[in-house]
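Annotation source Swiss-Prot lists ATP 2 binding site at Gly1227, Arg1228, Thr1229, Gly1230, Ser1231, Gly1232, Lys1233, Ser1234. Swiss-Prot lists 19-41, 795-827 with the feature compositional bias 'Basic and acidic residues'. The compositional bias 'Basic residues' annotation in Swiss-Prot covers 514-529. The annotation domain 'ABC transmembrane type-1 1' is assigned in Swiss-Prot to 179-459. Look at Swiss-Prot and you will find 859-1155 tagged as domain 'ABC transmembrane type-1 2'. The phosphothreonine annotation in Swiss-Prot covers Thr513. Taken from Swiss-Prot, the feature transmembrane segment covers 179-199, 219-239, 296-316, 317-337, 400-420, 434-454, 608-628, 848-868, 917-937, 1018-1038, 1104-1124, 1127-1147 (among others).
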Amino acid sequence: MKDIDIGKEYIIPSPGYRSVRERTSTSGTHRDREDSKFRRTRPLECQDALETAARAEGLSLDASMHSQLRILDEEHPKGKYHHGLSALKPIRTTSKHQHPVDNAGLFSCMTFSWLSSLARVAHKKGELSMEDVWSLSKHESSDVNCRRLERLWQEELNEVGPDAASLRRVVWIFCRTRLILSIVCLMITQLAGFSGPAFMVKHLLEYTQATESNLQYSLLLVLGLLLTEIVRSWSLALTWALNYRTGVRLRGAILTMAFKKILKLKNIKEKSLGELINICSNDGQRMFEAAAVGSLLAGGPVVAILGMIYNVIILGPTGFLGSAVFILFYPAMMFASRLTAYFRRKCVAATDERVQKMNEVLTYIKFIKMYAWVKAFSQSVQKIREEERRILEKAGYFQSITVGVAPIVVVIASVVTFSVHMTLGFDLTAAQAFTVVTVFNSMTFALKVTPFSVKSLSEASVAVDRFKSLFLMEEVHMIKNKPASPHIKIEMKNATLAWDSSHSSIQNSPKLTPKMKKDKRASRGKKEKVRQLQRTEHQAVLAEQKGHLLLDSDERPSPEEEEGKHIHLGHLRLQRTLHSIDLEIQEGKLVGICGSVGSGKTSLISAILGQMTLLEGSIAISGTFAYVAQQAWILNATLRDNILFGKEYDEERYNSVLNSCCLRPDLAILPSSDLTEIGERGANLSGGQRQRISLARALYSDRSIYILDDPLSALDAHVGNHIFNSAIRKHLKSKTVLFVTHQLQYLVDCDEVIFMKEGCITERGTHEELMNLNGDYATIFNNLLLGETPPVEINSKKETSGSQKKSQDKGPKTGSVKKEKAVKPEEGQLVQLEEKGQGSVPWSVYGVYIQAAGGPLAFLVIMALFMLNVGSTAFSTWWLSYWIKQGSGNTTVTRGNETSVSDSMKDNPHMQYYASIYALSMAVMLILKAIRGVVFVKGTLRASSRLHDELFRRILRSPMKFFDTTPTGRILNRFSKDMDEVDVRLPFQAEMFIQNVILVFFCVGMIAGVFPWFLVAVGPLVILFSVLHIVSRVLIRELKRLDNITQSPFLSHITSSIQGLATIHAYNKGQEFLHRYQELLDDNQAPFFLFTCAMRWLAVRLDLISIALITTTGLMIVLMHGQIPPAYAGLAISYAVQLTGLFQFTVRLASETEARFTSVERINHYIKTLSLEAPARIKNKAPSPDWPQEGEVTFENAEMRYRENLPLVLKKVSFTIKPKEKIGIVGRTGSGKSSLGMALFRLVELSGGCIKIDGVRISDIGLADLRSKLSIIPQEPVLFSGTVRSNLDPFNQYTEDQIWDALERTHMKECIAQLPLKLESEVMENGDNFSVGERQLLCIARALLRHCKILILDEATAAMDTETDLLIQETIREAFADCTMLTIAHRLHTVLGSDRIMVLAQGQVVEFDTPSVLLSNDSSRFYAMFAAAENKVAVKG
């Protein structure tokens, strides 16, 4: 097996799919065919995109699966258009496809009749479930379409290279054939829509002016009008049918391609999690809309040209004027649409930032509550929201202009044309005037769809840029080199590695230069420039590997140079982290890796996993990986699925793994044993349980190389010891194991120990050899003294099964607990299913929205403005008909001595009067339009902002149990997708809907005014309409709801996959995660596609009603020949023609607007149903400002359970902690240690008893008053995106000197001082640009600053090496000498110095005394734990 040489020639991969090019010394020779499955082909010989993707994942391809997947339209034996052409048969009798859309003939496609069966089911049942909905057609499946799009993108990259590659061009090629066809259908629509008014209506009106009646001729005209309208309606439906399928294919393809790319990324640091979620939710939607609506733009110019030619023929040169108005308005509307899109683009950036911030808040909500920082975070989100609102308002004004212009343009064009026409002395008849008005009306179609089209295309253009930047990000390197000797598993020769430009981990000691990050406040424009610079910088790095871009600590330029030249490029620098690493790891060896915080331990592991950039030397690997990350990654799935991780269930191996990882006692108390569902990020597990499940996953995977990154730090001492012996030493005996740890006692048993310092391996050998060497390792080991004291509990089995009664987290997202005994399996479900609304959107939801917009009065004002607006438009058309009627035979003129009756309008002596009022109506209309636009935008924005603020307030004030049972993806969905609907789409649709409803009523009213008998015909049509509406309403609403609830799972899948990227890479599970994603996406696409089709299904049927109305009007004109003035006949027919498209559009808007209101309903559901914590502050009950002065803590019969119906986790706990006392709290996982903290912070309210601090009952005071006086250093360090300063002091309460002092005492001053912007340096999302140890030190600095009287330490030094640990313990002792301190410990040596030790078991205090008393009693539990530990140190030390 030959491999890619990653030696001196190793390069940073070029962006895109060609990220690891073959570089061989024998460049001309071609590799053997059978070797190809482990490498990527040369770009020019690129085969199927799936193979390329599979190779990137390092997967072999099963031939049968491969051939099965290659059945694409292109490879169909009858040609790639076979499926499409078979749809041209008018009616198809065979039903060989599973989805009815694939069996539909042309007639069924045009009328969407294939959907009728689902409409019947929906009507019958009153609701729809996923079982009722057809799964997606194979032609729309994301898998098939993604491979096609991927192939086209690959070809584009090969032809022009990544920089010049155009994703727009690729998307166009992907959709080209179908879009061209849809444009052809659109042309037919436009021609039919134009010829109806231009020819049929004109002849009908001329017939009304004629004196003789000719019934046969006139009925033929009505029939002609009927046929042109049917052709117009059905060809338009066919356009939509084509566009929707194209859109669904494009959305599925590009979203799958995006996720595929995310799975292959080294890291996602260039993009925030919020941005990736937005790309995969909103941007996918934008692509669909562009494909669905974008092509309608082509219809505009055609109608404009036809209309202009026709008007000139009818009116002469003045006909140009009206068309000129249209032509001028067209670019004006385009400009307004472009401006809307420009503001939308700015808005998207603000939304990204808000969603990212929300994601952070939700992830660390427990910590935010504990620190009483809710207000600070609330203000930061509100600040971003204010900026977003400002941009939304500007976008809203321009959007309102584009929405309201279409009906006005007809009036303006008519006024200008007819006024000038008459002023110039030309005559005007009713036939001429109303034919021109009717043609103008048909021309408004172009103006109506223009805002939609331009908006969708502009937004898609932004989305395409975001997708392209994602597709060009660098991929992970799967190291393919094999070591020379078969017995060596990992070989590194003189390897120098760096975190590349997009990675952020500092991962080096404070003495090394931490990576510079750009100042977050730099403008967005600068960010784009930097991204472009980044690509050129890549080449610069290659050319200059030892140059100034790769600075070591001793090569740093002066601060002045730094500032001038490098600050804006800070994040582009490759930060050398590992230097000249020489390492050979033999097969079957257990290798321990240790070193101080930031010495490069995690970097070494990342290098082996291919996540760093190799600058010099080589790396060779032989074997497959299992990886246990420092912070365990848990899926939202059952506990068993988390361990199996896609492998077959083997009972014997599975049971052996459970025993090795001490998981049996945990299973005994979980509601459904190993079938219990685990919440997102392991929300309902303790830190120790998460770590053990992660370890069990590694053991079960049966790989050859095991990489364990500090896996025992979160475990109780005796559990850790058992796992080290049974899992790592015994279970993995024949495997190669890299074991990173801070717990030095385990290194005694390792075959080899590697000691790291400042990114170098400084000592290496067995434990004995390193002790004899008397170097850094020996010094630290001797300093340990008693060392870690992990006991092997004497009666471990009996003890563990009895003592572990609950499991709950000490990490940032937790607070759940399990039952004491096995219960009904359904109780194993922690995460509740998402609620799905029933029936129609209740009126109360509309009421809530109206109330939020300003109440009933504001609503009435807005409605009155709409009425006046549409009324002024209708008035101007009526005035024209009145003017024509007055000029038709009512005027007497004198020629010479003769007086005669003239029917010419130009002879009317009051022409000036009529013309003035006609022109004035236009001015009034424009003023009303402007007022209405401003008032409407203000109202809807006030509504959405109030809903957002109230939702946000409710979420922040919800108790912890809500966050434990609700996936973050679901809550985020409210703030991203639902908020996007309420902010942007709902106002857009509601404005058009209200305007059109009023217009429909005016149309029917005008026609009925001319022909009262018309109302008789309207009756049956109203009944037909009601039936249609009842049926379609259920169908459309239910499909929209299904679309909403299938959206959350695939967003949650993206979130969780991104968080576990390193684990997915290590286990090579990319393909499985991709398949799961495709399933979830297709599950969402199925109801989404049917929802869009259901709209058109309704539209086609409504068109038949409006065609019936126009035919009725035509028949009335024919049958009442000579009884009504031609001017009024013209008025009636012009409104009837206007009604055709308008009617179905309005009803569709009604359904769509109701569907958009489901987002308001979902937001309102949270606002109404979420229970709230106690108030932050309670008037008249606030404690004194200097409370607590002493720090005495008293528990009196305290009882607590996490949620209703769950067992107690604290049972009648009573004790008193004296002021300034230092208490160590020990006990098995689930004994209730962290529950004490939860009770003290009131994250969970007590079920009985009380807690007092300095005699004040904490349940009587406000939460903020309580929590701001307590401090906690959590087990898992929490840093927020922002600056170092904002992380330490979000309220700006402390001086710079105080902050530097806190950093100095936590040994972080040097590290922060070396950052270019010092305290203002950027902290990335999750604190990813600091190592875990450094994050923990910053958390301790934060607690030092707060300096509260009561401090809880939740095993705060678990992620630190022993040396730093000892220093920090000393700092804490000194700094908090006058504080009451509770230390929740896993490692016994951390609590030996405590004044008293509390031993917990099963939620009760079983021992509470000084360490000396407990150790002198040989029957105490603490003694048993300590004796075992003492024994181990004595033997091993």
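Backbone N, Cα and C define each Cβ position, glycine as well.
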| task | Could you say which of the binding-site residues Gly1227, Gly1230, Gly1232 has its Cβ with the most other Cβ atoms inside 10 Å? | result | Gly1230
| message | Which sequence-distant residues neighbour the transmembrane segment (400-420)? Criterion: at least 6 residues beyond either end, Cβ under 8 Å. | response | 311, 315, 318-319, 321-323, 325-326, 329, 332-333, 336-337, 340, 428, 433, 436-437, 440-441, 443-444, 447-448, 450-451, 455, 869-870, 873, 876-877, 880, 915, 918-919, 921-922, 925-926, 929, 932-934, 936-937, 988, 991-992, 995, 999
| Other parts of the chain folded back onto the transmembrane segment (848-868), taken as Cβ under 8 Å at six or more residues beyond its ends | 928, 931-932, 935-936, 939-940, 942-944, 946-947, 994-995, 998, 1157, 1160, 1164
| request: Note down the number of other Cβ atoms within 10 Å of the Cβ of Ser1231 (ATP 2 binding site), including every protein chain shown. | output: 23
| request: Grab the same-chain neighbours of the transmembrane segment (1018-1038) for me: Cβ-Cβ under 8 Å, and only residues 6 or more beyond its ends, written as numbers and ranges. | output: 115, 118-120, 122-123, 126-128, 840-841, 1004, 1008, 1091, 1094-1095, 1097-1098, 1101-1102, 1105, 1108-1109, 1147, 1151-1152, 1154-1155, 1158
| Including all protein chains displayed, how many Cβ atoms other than that of Lys1233 (ATP 2 binding site) lie within 10 Å of its Cβ? | 26
| query | For the binding-site residues Arg1228, Ser1234, which one has the sparsest Cβ surroundings, going by other Cβ atoms within 10 Å? | reply | Arg1228
| query | Can you tell me the three-state DSSP label for Gly1227 (ATP 2 binding site)? | reply | coil
| What does DSSP call Lys1233 (ATP 2 binding site) in the simple three-state scheme? | helix
